[in-house]
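A.B. asks: If you scroll down you'll find the structure; I have some questions about it.
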Amino acid sequence: MVAYTIRRILAMIPLIIAIATITFLLMHAVQGGPFDTDKPLPPATLENLKRRYGLDDPLPIQYVNYLTNLAKFDFGISIANNRDITDIIRERMRVSVQLGIATFLFATVFGLTLGILSSLNQNGPGDYAGVFIATIGAAMPSIVLAPLLTIVFAVKLGWFNVLSSDYGFTDWFRGDFSNWRQVVLPTVALGFLPMAFIARITRASMLEVLRQDYVRTARSKGLSEFVVVVRHAARNAMIPVLTVLGPIFAGLITGSLVIETLFAIPGLGREFVRSVLIRDYGLIMGVTVFYAVIIAFMNLVVDLLYGLADPRIRY
Amino acid sequence: MTKRYWRMLLSAAAIVAVAVAAVACGDDDDNGGTGGGGSAAPSGTMTIGATQFETWDPHFSDFAQDITHFVYVWRGLYHLDVNDKPQPAMADGAPQVSSDGKTYTIKLKKDLKWSDGQPLTAEDFVLGIQRTCNPDVAGHYQYILTNIVGCDDYYNAAQKSAAEKEELRKKVGVRAVDAQTLEVKLQEAQPTFPIILALWPTFPAPKHKLASVDAPWPGPLENVYNGPFMPAAYTEKASMELKPNPNWTGTKVGVEKVVLKYVDDAAVLNNAYRTGEVDATVANKPELDKLKTEFAKELQLYPATRTIGLEFNVTKSPVDKPEVRLALSQATDRATLVKVVFKDANTPTTSWVPPARNGLKGGEYDAILGFNPTKAKENLAKAGYPDGKGFPQLTLLLVDSQTNKLLGEFLQAEWKKHLGIDLKLEFVDSKTRSSRFNSSDFQLVTGGWQEDYPDPENWFLGLWETGGSINKTKTSIKALDDIIAKAKFNTNDEQRRQQYREAEKLLLQEANGIAPLWHTLAAFLVKPHISGMVENKRPGDTFVPGDWYIELWKTSKK
């Protein structure tokens, strides 16, 4: 397995070079550059700006420069605000990861619970309720859900904040819960869809497992229902769920444009989309490459977890 | 694995339980200010909905949201009052101008200090102006200093060696006669120069913080300040806290703390205003109808110095024909447009320069450009397209947005109805639109101008002269070129203003380059417990009312 892991990590290098190359080409193929401001800039200013950011070199040279710096883990400087891109990604990612982890926990805990309860009560009222919630979650995108939650729970009821610019839970470990009003709504708004998804998969998987012979055997030998469900059924029903958890986790920690914008959370999702809109070339490259690494790495982790979950899978 | 998995799940559930418990028993985080409401000591906290600045460097940036920040924390030699007249700030009285109008000598106030206690001297102002002229800083607003001797030579020397640049830097016509006296030499007597001395490109640069003119500009928490406030805390894209600058010697500040919350979306900000999370914010214009009833007394609407119209590339058929341009303008019912598309969040106009700037009442060009379907038809026929027959393809380039879709469809319907022509709409993203505009690769766009500094010249210089540095409509009128050249360095102020009124007439009589449609209204929400913002707004304030006078802001909220 160690050899397999090393092989996979080495395979990431050409992957990342390919992604960097494609992004670089696409980015420069798109019309409009970082200095195409609403108000046109005088030609002398444009020239000085291009020179300041190394954009006056021919594209192939810019490309080679970029890859050389990338090999040194140097992402360069953001054109928009002159800051080190590594710093920007680190700061933004800190927030997005917290939003992602909290949302992942929310989605997993509630999704599994909902799925298992539905499956145990198949075609009963509990099942319909669970399926109903899951369907709403799947049907209502966060761009609708987030303003709805804000209006009901923040504006009308006043329970939570509209702005969540201090989103995070690292202070909680120090006993400072002062930002709790900022944490609940974004987590729920972002987590509803993955929760619904997890619930649906869990329910389907549980229903299949509960009909298996060994579950009947377990019941017939007089085991308590709790033990049957938790130890025998749920354990095996988790394998398909585990398959989707990895990508869901990767998707959540890499930030969400919608939720970060609608709750004013300073995360990486918002920054990434903005970097494309304003053609901040360095930042586009930096975040894309960074995302590529994260997603490649998460896929590796999931593949390794399969081996742990299902002893029949060997590397 | 399974056991471990369930343990993980259990601990996750535990965290969720803790979160739920925290929700249930958390305390109110009301950020009520301390101290009494006495008028002498600053008191209270104000939270303002804001837009994140792009860069912190006044000698580099030209973004409106950046400038809003600069005037909170830095001040120039002069400062624009609510009527946009420059008043002494760091300067001790009006500048001494030589008889030829080309040399300005400015005395600084005594004992000026930066926020860190270091003396603020004329050298700092020299460095500030040199930074704006520095090709390696590449300041966006260098063009407003082109009249300073040597500034252009230095700025255009990007490719030269460091030694050559250093020589050119020394030749920039600005020097410290002594620690308290600054001298600026101009190529021509410039009537608007005192205004320039109130703008951010001439703000001082702390010499003790910058090793050279090329040194990077320190960030918010590392920099020093000479304005009424200074940053106390800052999280990019989240918020900035401003506290009073202990070494500020101007009007005493009124509040203890100003918090700026950086939010991209105006609708979100308005919800935060409803819950009291922000005390002042821009109003979300698409919601204006609702806000007018919901916040009848708190909604502030006033004309901003911004004009938008139909901009024509006068070298492209069919809008190279004056009759076609006039026909399009006359076939556009501006009053209905502003009502239907913008819900009256803008003011219909046919003028280029807003009334606040040209001393006119407005409506002077209604007879030429205003809505008149009969005249429009006549003009189109004169151009050779009776009832729109044989009219070539005309494409309107727009930034993709909900409002622009309405705008495009409105114009499409109007022109079909009154002129019988088919307008094609092309929606692109903002940078593509700017790129196409900047390379004059368009027939028709909606666009215009947001004033940089309060003078009619700012509505003409570079924009409309033949070959002007930002003339993208390719407008070229000999008489207009001549009158702008005359007005530029005319020291007779009344005559100069009259010349710009003439220039506007020359520009608009055949809708050369532009047929104005509306002046933008700025819309804000300000809580009743706040004073000093709306009262001190300048016509140019677009992001925050009264942002040039943060020291006069007050709150009565305890």
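From the backbone N, Cα and C atoms, a Cβ is placed for every residue, glycine too.
TrEMBL does not curate its annotations; it predicts them automatically.
Residues or ranges marked as transmembrane segment by TrEMBL: A:9-30, A:97-117, A:129-160, A:180-201, A:241-263, A:283-309. Taken from TrEMBL, the feature domain 'ABC transmembrane type-1' covers A:93-306.
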A.B. asks: Same chain, outside the transmembrane segment (A:241-263) by at least 6, Cβ under 8 Å from its Cβ: which residues?
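C.D. replies: Residues packing against the transmembrane segment (A:241-263) from afar: 92-93, 96-97, 99-101, 103-104, 107-108, 112, 115, 141-143, 146-147, 150, 162-164, 167, 182, 185-186, 189-190, 194, 197-198, 201-202, 205, 269-273, 291, 294-295, 298-299, 301-302, 305-306, 309.
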A.B. asks: At least three Cβ pairs under 8 Å linking the transmembrane segment (A:97-117) and the transmembrane segment (A:180-201), pairs spaced 6 or more in sequence?
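C.D. replies: Between the transmembrane segment (A:97-117) and the transmembrane segment (A:180-201), contact is present.
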A.B. asks: Ranking A:9-30, A:129-160, A:180-201 by the number of C-beta pairs under 8 Å to the transmembrane segment (A:283-309), which range is first?
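C.D. replies: Looking only at A:9-30, A:129-160, A:180-201, the most contacts with the transmembrane segment (A:283-309) come from A:9-30.
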A.B. asks: Six or more residues out from either end of the transmembrane segment (A:180-201), which same-chain residues have a Cβ under 8 Å from its Cβ atoms?
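C.D. replies: Same-chain residues near the transmembrane segment (A:180-201) but 6 or more away: 99, 102-104, 106-108, 110-112, 114-115, 118, 130, 133-138, 140-142, 145-146, 149-150, 153-154, 159-161, 163-169, 240-241, 244-245, 248, 251-252, 256, 259, 262-263, 265.
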